[in-house]
Amino acid sequence: MDTMSLLMQGFAVALTPESIMFAVIGAILGTLIGALPGLGPANGVAILIPLAFSLGLSPTSSLILLTSVYAGAMYGGRISSILLNIPGDEPAMMTCLDGYPMALKGKAAEALAISAIASFIGSFIATIGLVILAPILAKFALRFGPSEYFALFALAFATLGGITGKNQFKTLMAAAIGLMIATVGIDISTGVQRFTFNTLELFEGVDFIIAIVGLFAISELLFFLERHAGDGLKQVAINKLKLSAKDIIKVLPASFRGAVLGFVAGVLPGAGASLGSFISYTLEKRVSDKGEFGKGDPRGVAAPEAGNNGAASGALVPMLTLGVPGSGTTAVLLAMLISLNISPGPMLFQQNADLVWGVIAAMFIGNLVLLLLNIPMVGIFVKLLSIPPKYLMPIVTLVASVGIYSVSHSALDLYFMVGFGVAGYIFRKVDIPLVPIILGMLLGPEMEKSLRHALVLSDGDWSVLFNSGLSIGLWTVAILGLVLPIIVGPIVRAKMKKSKESVKDA
Amino acid sequence: MLNNISLKSVLISGAVALTIAGQAYAYEPARSGECIAPANPGGGWDFTCRSVGKVLVDQGYFKGNVQTVNMTGAGGGVAFAHTISKRDKDDNLVVAASTATTTRLAQGQFPGMNADQVKWVGTLGADYGIIAVGKDSKYTSLTQVLDALKKDPSAVKFAGGSASGGWDHLKVLMTAQKANVENLPKVRYLAFSGGSEALVQVVGGHVDAFTGDISEVKGFMDSGDLRVLAVLSEERLPAPFDSIPTAMEQGIDSVAPNWRGFYVPGNSSPESYDWWVKTIDELYTTQEWKDIMTKNGLMPFHKSGAEFTQFVKNQTLDIKILSQDIGLIK
């Protein structure tokens, strides 16, 4: 009940006209930033920090603005995933898998509406989770030691085959490429530089934002050039929205599952929104025995969207309660908090109760605003993307390049971006999936660090990896994730084939 | 309408950052300045730039703005290289630095660069090193930890936010060396990507001890999850940290201030260097800066001009000798 009264106080802060204004501005800007490929939430928030400072906003207003941008970007990321097959941000990768096929089938409007509803459910449930579970989950996160983290990352890699499905070998190869890129830079466990060739810019490794922009956005530009020179251009047409209550009800279970999973993934530090959408999608694919995942199943749009929005709010739990960012974006938000002389940590909820609860209440309001914005006004955001690609692609490339350059001020990063673009083009030509590359880059260094730490703590005894109930549980799920597809896969595929045939018959 | 304006400002601020990074203006102390924070937003360097920039504008040293530019890479190496190669004569540029900068210079981690290539302006405070354990730890004093290390150098495992060989690691080794612990390379250190990540592992009971700075531990100290065994300062810190004993009180002569300060380009004009030194001296005495120090756990530590330059030289040499002694560098 104490929590309730604090939350009510929070609403008193969040419902002031000033707060509502910043929530609305943040939501709109965030959606725009999210919709533009390459400018993910982390970049978006990072670029807006100077704005918040130069306007001289109070800490509460700044945070409301930036968390709304964050939430908006998570919503916006799906728009270009669905319409262009380019993820607007990294967690929106999974939405491409079914969203784009839906759009190709002439159901772009439905895909956008379903994903907006799923995003709302994801954020809403996760924000409720944040309110209820923040103190409890903060303690749970403390139980994750190096060996538990290692098991968690092993679980992520074990279930990797589930995303792309078709060619396990190419998936593995892609993950290995990601892991290889991840070894560049200083090895913090020994202080030794690996594969840096005395180039200062490589000392801290290859930034995965650059890889994402290159692999996805620049390769898309190259594909566009190629198509334009060849067969001409195939554009996704936006249809009129025909969404019945039945359609919405059909994706509700997927949205709820995705929301909960995403929230849990977000709460675990270092896991973040990408893992949230990834796990939600793969689980949904496993749980739903029939359907056309990968070919435009609405549930394949709802689950990852609920997942990544759930994770986005979930990631605020470790950030606010422990001062440990759960994702790239929360790391930027953490930076913002520290710049405002607010130190996140276990005492934050006591010392800055007004601010924390005001922001949480603002998230509820921001979500409502986003849902309202995204259903009737989705046309406006879509217009932005239905600009002919010959205008849009150069603009996107420019914005992406400026975004990349403004983060690091390094021209080498731009060369890398172009290099990744060419590599992405080749990978797509030979059907090597791009998602596992990114996951390898994101999770590889963390996994290596966890293993080393676990072994240092045990003086080289490998049994430390299985010494707690939590890690044994994680290993069990990992093994199931690896083995089940091999056994169950053929059965599911047979079922899928059957259901497809019955659809054809009807 | 409003959102249009905001979007424009966003684009403009991006464009401004680009322009500033690419040009050097003539020296006029009363106009805008630039501060490079050689790391992502959120770290100590970023804090140094942003808070000093704010005070400089508030106190009227700059009529315009002091823009903070984050230039990440190589633990400050990218910004250092940028300063000496592209901005060598820029009078309006300061770059945030700390003990991490001197540590890397001393260990040759900025290849082909050394401390003499820039001019060292001054410090504005220090964050003192601490050694801490979780609340359920069997250790209640620094002496107990060091006695355990004397018996077996790998008996206590330390977690910290810097890479192996970095400042957090060196603090442990320096303290152990003063206590005559033998076989220092055997002391176990777990490198995390940041102090907070390391702290959580110690509070969670996964790692024995934490090595870091006093500003990193306030939250967990107040909540009672962390027991700070010693602060590596000459005297006890002011309240609310006055209950923490120093290492010296416990008979170990180990002092580790992580100073926060600035350098300017090596060939900037002598007039501008003098102006910066004078300004930092004045800024240090303002009430506004004192409040910022109190709020952020920064402790008094002020050196500037020639004194600071000598200090940097000595510290670089000390760290070099220590790193060689314990086998971190050859």
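In case you wondered, yes, glycine gets a Cβ from its N, Cα and C as well.
Annotated features in TrEMBL:
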- A:20-39: transmembrane segment (TRANSMEM)
- A:20-439: domain 'DUF112' (DOMAIN)
- A:45-71: transmembrane segment (TRANSMEM)
- A:111-137: transmembrane segment (TRANSMEM)
- A:149-165: transmembrane segment (TRANSMEM)
- A:172-193: transmembrane segment (TRANSMEM)
- A:205-225: transmembrane segment (TRANSMEM)
- A:259-283: transmembrane segment (TRANSMEM)
- A:322-343: transmembrane segment (TRANSMEM)
- A:355-385: transmembrane segment (TRANSMEM)
- A:391-407: transmembrane segment (TRANSMEM)
- A:414-444: transmembrane segment (TRANSMEM)
- A:464-492: transmembrane segment (TRANSMEM)
For the domain 'DUF112' (A:20-439), the mean pLDDT of the predicted model: 77
Criterion met for the transmembrane segment (A:205-225) and the transmembrane segment (A:355-385) (at least three Cβ pairs under 8 Å): no
The transmembrane segment (A:414-444) vs the transmembrane segment (A:172-193): 3 or more CB pairs under 8 Å: yes
Long-range Cβ neighbours of the transmembrane segment (A:355-385) (under 8 Å; 6 or more residues past either end): 6-7, 9-11, 13-15, 19-20, 23-24, 26-28, 31-32, 35-36, 59-60, 63-64, 67-68, 71-72, 75-76, 79-80, 83-84, 108-109, 112-113, 116-117, 119-120, 123-124, 127, 130-131, 238, 313, 320, 342, 348-349, 392
